[in-house]
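Let me begin by presenting the structure, written as structure tokens, before commenting on it.
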Amino acid sequence: MSTDLAQSWLTLSAPVAAARAAGRPLVALESTIIAHGMPYPENVRTAHEVEALILELGAEPATIALIDGRIRVGLSDDELERLGRSGKAHKVSRRDLPAVLTSGELGATTVAGTMICAALAGIEVFVTGGIGGVHRGAQETFDISADLQELARTSVAVVCAGAKSILDIGLTLEYLETQGVPVLTCEQENFAAFYKRDSGFRADYRLDDPAEQARFIRTKWDLGLAGGVLLSTPVPEAAAMASEEIDALTQQALDEAQAQGITGKAVTPFLLARIKALTGGRSLATNIALVKHNAEVGARLALALAQAARGAVA
């Protein structure tokens, strides 16, 4: 499919279209976190607060979802509310885009799905909570998130709080290395682990300055090296959960999922909801804090990338 034909599926909101026309930096946001990652009304409230943070820093937020047979880039208040309340939105990764677009049903984009749509819309930076990855026990199940393949093929910089701690983070990083995806960190040397700050695994490069991050990313793409760059930043210390506690609760939730025969796309929403229940809601507060922090890091990166692009033109 030609790029023009693919872009014909896009509907940009007025603010996103105006920002793109003016050359203002854009930050893509996923919708799975709204539809499946948090309960209502915290999901919609957090979405509004994250968008406001990005705007305050000088970039334009572009939350992405599939609505009525269109890829919507930038959502209205009513569309955010619809996503947050629905409970029936499909999780949309690469394989699901054709099905949900042709059916016209409501679709919430995953990391992979959002990367594809962001690239079509010309957006270079995407902020999420945590990426998917290699699931524990993948040696037997082959349960590996499509997010990792998308990072290898789609040229979007992804800002996250590491990989979700329910995953095998060591194998996730090994997979990314095999696929040639650079893993950057800021604020610390080690890759983050979602609810907790430190996964115990060292990342490829630490770059704290947004201008340095932008130069790294721009150089990769200038060399014709297609694919994304992953930038990990830890959850703020005040909101982080203790490693021993979250590890034990994660294992308990995983055991429950296995006992109940929960597999595939249903695993992550089940685990997040179960951990929220087991922590009395504290994990949700941590999730909200890390997404907001990621949004700040992502907005600054988008500004730096835009400035670097202007400098190259000059």
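Using N, Cα and C of the backbone, Cβ positions are placed for all residues, glycine too.
Per Swiss-Prot, these features apply:
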{"type": "ACT_SITE", "residues": "Glu30", "note": "active site, proton donor"}
{"type": "BINDING", "residues": "Lys91, Val111, Ser145, Ala146, Asp147", "note": "substrate binding site"}
{"type": "BINDING", "residues": "Asp143", "note": "Mn(2+) binding site"}
{"type": "ACT_SITE", "residues": "Lys164", "note": "active site, nucleophile"}
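Features per Swiss-Prot, on structure.
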residue : record                    : DSSP class
Glu30   : active site, proton donor : coil
Lys91   : substrate binding site    : strand
Val111  : substrate binding site    : helix
Asp143  : Mn(2+) binding site       : coil
Lys164  : active site, nucleophile  : coil
Ser145 (substrate binding site) CB neighbourhood, other CB atoms within 10 A:
24
On a C-alpha basis, identify the one among Lys91, Asp143, Ser145, Ala146 that is nearest to Glu30 (active site, proton donor); the candidates are the binding-site residues.
Lys91
In sequence order, which residues at least six apart in the same chain have a CB under 8 Å from the CB of Asp147 (substrate binding site)?
Ser93, Thr110, Val111, Ala112, Ile131, Gly132, Gly133
Between the residue listed as 'Mn(2+) binding site' and Lys164 (active site, nucleophile), the C-alpha gap once rounded to whole angstrom:
14
Tell me the Cβ neighbour count for Val111 (substrate binding site), meaning other Cβ atoms within 10 Å of its Cβ, over all protein chains shown.
27
Using CB atoms and a 10 A radius, I'd like the single residue among the recorded positions Lys91, Lys164 with the highest neighbour count.
Lys164
Identify all same-chain residues not among Lys91, Val111, Ser145, Ala146, Asp147 whose C-beta atom falls within 8 angstroms of the centroid of the substrate site's C-beta atoms; report them in sequence order.
Ser93, Thr110, Ala112, Gly113, Ile131, Gly132, Leu148, Glu150
Fewest other C-beta atoms within 10 angstroms of its own C-beta: which of the recorded positions Glu30, Asp143 fits that?
Asp143
Taking the Cβ of Ala146 (substrate binding site) as reference, which residues of that chain separated by at least 6 in sequence fall under 8 Å from it?
Ser93, Arg94, Arg95, Thr110, Ala112, Gly132
Maximal Cα-Cα distance (Å) across residues annotated as binding substrate, namely Lys91, Val111, Ser145, Ala146, Asp147:
13
Lys164 (active site, nucleophile) and Lys91 (substrate binding site), distance between Cα atoms, whole Å:
17
